[in-house]
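Everything below concerns the one structure shown next.
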């Protein structure tokens, strides 16, 4: 067997015994096939295995050719935000709910993984969003999102008054609970629940979805991925404001801050089995009607 990968990382934070068992089986399977295996240190102690290599997620990104994420999309998003900083490919075994980003079925994962490790795969690059919050004193907070950047109030059902500019041109003003700015990857997540369109994963676009707008004419807007979105607040907003990245990183705001969202230079490098079909994934996960 030709080795396309020499060092493989196992990552993910298992919540269930079934997921933990998959970690153990995967480690044993890879070691028996002669791979150098590094387990994420946050999960290594739960496995209770002897003589294992473990390290931080960042060091797995530096040292490994491939990372296998065991879990659902939440685990994938958490790992991918860090791993996207490094030259590493990522594939997932689904131990969550929907699993849009975790291709491998746990029942057939090892056969699928054998084929992938034998070279039967293709690579798909998914772009990330970068959000930059410029404070009144000139300092900036910067973070990234794979699915979406969300502007929202700190409390439920609080209206926010703001303006949206695209490439320095005024686009629209908004009075709503917030705004979702989504990648194609995120278009099947929170964006979809808010009434946004599904964007094919390879599309170079992002979508802006108002959250509970106080108007009947507000609709989602699809723009080019090279666009820069600028959010400007109505002064003296008394509500607590926040920016959320993939619902995992929360950044505090005030009405004097300026928000810029654009395509990041980072990419998520996903590995897919050769028989992967995006539309089959949509049909399966969203329970679309089958062919006649």
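Cβ coordinates come from backbone N, Cα and C, glycine included.
Model, not experiment: these values are computed from the prediction.
Per Swiss-Prot, NAD(+) is bound by 73, 74, 147, 148, 175, 177, 188, 189, 190, 191, 192, 193, 248; the candidate from 158, 236, 272 named for the same site is 158.
Residue 147 (NAD(+) binding site) sits 10 Å from residue 73 (active site, proton acceptor), counting Cα to Cα. Residue 191 (NAD(+) binding site) sits 15 Å from residue 73 (active site, proton acceptor), counting Cα to Cα. Ranking the binding-site residues 147, 177 by the number of CB atoms within 10 A of their own CB puts 147 at the top.
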